[in-house]
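Undergrad: If you scroll down you'll find the structure; I have some questions about it.
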Amino acid sequence: MSGSYDEASEEITDSFWEVGNYKRTVKRIDDGHRLCNDLMSCVQERAKIEKAYAQQLTDWAKRWRQLIEKGPQYGSLERAWGAMMTEADKVSELHQEVKNSLLNEDLEKVKNWQKDAYHKQIMGGFKETKEAEDGFRKAQKPWAKKMKELEAAKKAYHLACKEERLAMTREMNSKTEQSVTPEQQKKLVDKVDKCRQDVQKTQEKYEKVLEDVGKTTPQYMEGMEQVFEQCQQFEEKRLVFLKEVLLDIKRHLNLAENSSYMHVYRELEQAIRGADAQEDLRWFRSTSGPGMPMNWPQFEEWNPDLPHTTAKKEKQPKKAEGATLSNATGAVESTSQAGDRGSVSSYDRGQTYATEWSDDESGNPFGGNEANGGANPFEDDAKGVRVRALYDYDGQEQDELSFKAGDELTKLGEEDEQGWCRGRLDSGQLGLYPANYVEAI
């Protein structure tokens, strides 16, 4: 027997050189266009994150700057603390710049390169993809035709081998069977001879076609290599370009290498190191401690021309440097805060008590009883006047009430010189509110 045929012996490889396996290289061109879109989406999402973070920093700085300015901290440490808010504002601006660079530079750069590198066709797809497809198909067409002939020749040869083996088996078995006549035996022998001739013919043809394929293979490889290198050059441009873009993105994101960013933290450190505890203590001693001036009691001659009163006189609001006295609670509010509200917040850094000394508890604003007609401003009055809100009001301080137009509340005192009244909500909350925001019911 000249050979054997076994269909299971056929191997299907995944090599680039197999017919049609160039399609992965062609698909890479389409993938490159999609990857440009993916990178632009990636940059857009990061830009949104930068924008949101910048806004959060701004909101945080605004809120805490107000709290610090209205809080009890004072002096150089207050300035150091406030420097953190300045840092947040500046870093917010830098992250806004990052967002702008990502969108206006990096994303636009990718978009423009993609537009120049890929050209859409009217019928769909890209010109570059079609050119690669046509190039590979043209280079592979002659070799693919030879491979088709080779497969047919191989199949014919293997089939002839199979028939030869079957004929030989029948001829050998007939020798042991008594029922087979000499004439039948001769036919079986002739069949074996004919199959051997077929095997010889198909083998010669198979070998000839295989030789022809071998001759055309170098030209086939050269043509395929040429088209593949063109695709490689196109892909190389994409890879190099996207690497440059990623480096640009890194440069924009890496604020650690930004001179402005480093300057922000140098300034912050200087502001913090500028805080001086001893200076702050001296300031507090001179403005709120034993270092304050005092009109000590002195003997005063009776003057008949002056009105004589036996009741305790109220001390008129005394103008202090950078502060005004509020008659609502007897506290001094810094002029920097006077623009926010013309009364006293739950805590004002310049708070002083301007009451003259008396052994009568009526002069104590924190006393629990009344004397000489003086009421405790912090006591929950049992009586009051019901009023209705004309407008919405959101309290700006902890000691202010918040209400909506139409809400009813209880007015507990008369309007002070700066237009504020004390009142109580139905929930029991006590606080101040603008007098002209309500009307009597």
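Each Cβ is built from the backbone N, Cα and C atoms, and glycine gets one as well.
Heads up, here are the entries from Swiss-Prot:
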type     : residues : note
MOD_RES  : Ser2     : phosphoserine
COILED   : 23-272   : coiled coil
MOD_RES  : Ser76    : phosphoserine
MOD_RES  : Thr181   : phosphothreonine
REGION   : 297-380  : region 'Disordered'
COMPBIAS : 311-321  : compositional bias 'Basic and acidic residues'
COMPBIAS : 324-355  : compositional bias 'Polar residues'
MOD_RES  : Ser343   : phosphoserine
MOD_RES  : Ser345   : phosphoserine
MOD_RES  : Ser346   : phosphoserine
MOD_RES  : Ser358   : phosphoserine
MOD_RES  : Ser362   : phosphoserine
DOMAIN   : 382-441  : domain 'SH3'
MOD_RES  : Tyr391   : phosphotyrosine
MOD_RES  : Ser402   : phosphoserine
MOD_RES  : Ser427   : phosphoserine
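I'm curious about the neighbourhood of these features; can you describe it?
TA: Note on the coiled coil (23-272): mean pLDDT across this stretch is 93.
According to DSSP, Ser76 (phosphoserine) is assigned to a helical segment.
Using a 10 Å Cβ-Cβ cutoff, Thr181 (phosphothreonine) registers 10 neighbours.
Tyr391 (phosphotyrosine) falls outside any helix or strand according to DSSP and counts as coil.
According to its DSSP assignment, Ser402 (phosphoserine) is coil.
DSSP classifies Ser427 (phosphoserine) as coil under the three-state reduction.
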Undergrad: For Tyr391 (phosphotyrosine), list the number of other Cβ atoms lying within 10 Å of its Cβ atom.
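TA: Step by step: centre on the Cβ of Tyr391 (phosphotyrosine), count other Cβ atoms within 10 Å, giving 12.
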Undergrad: Taking the Cβ of Ser76 (phosphoserine) as the centre, count every other Cβ atom within 10 Å, in any protein chain shown.
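TA: Other Cβ atoms found within 10 Å: 17.
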Undergrad: C-alpha of Ser427 (phosphoserine) to C-alpha of Ser76 (phosphoserine): distance in Å?
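TA: On Cα coordinates alone, these residues lie 41 Å apart.
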Undergrad: Rounded to the nearest angstrom, how far is the Cα of Ser402 (phosphoserine) from the Cα of Thr181 (phosphothreonine)?
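TA: Given the Cα positions, Thr181 (phosphothreonine) is 122 Å from Ser402 (phosphoserine).
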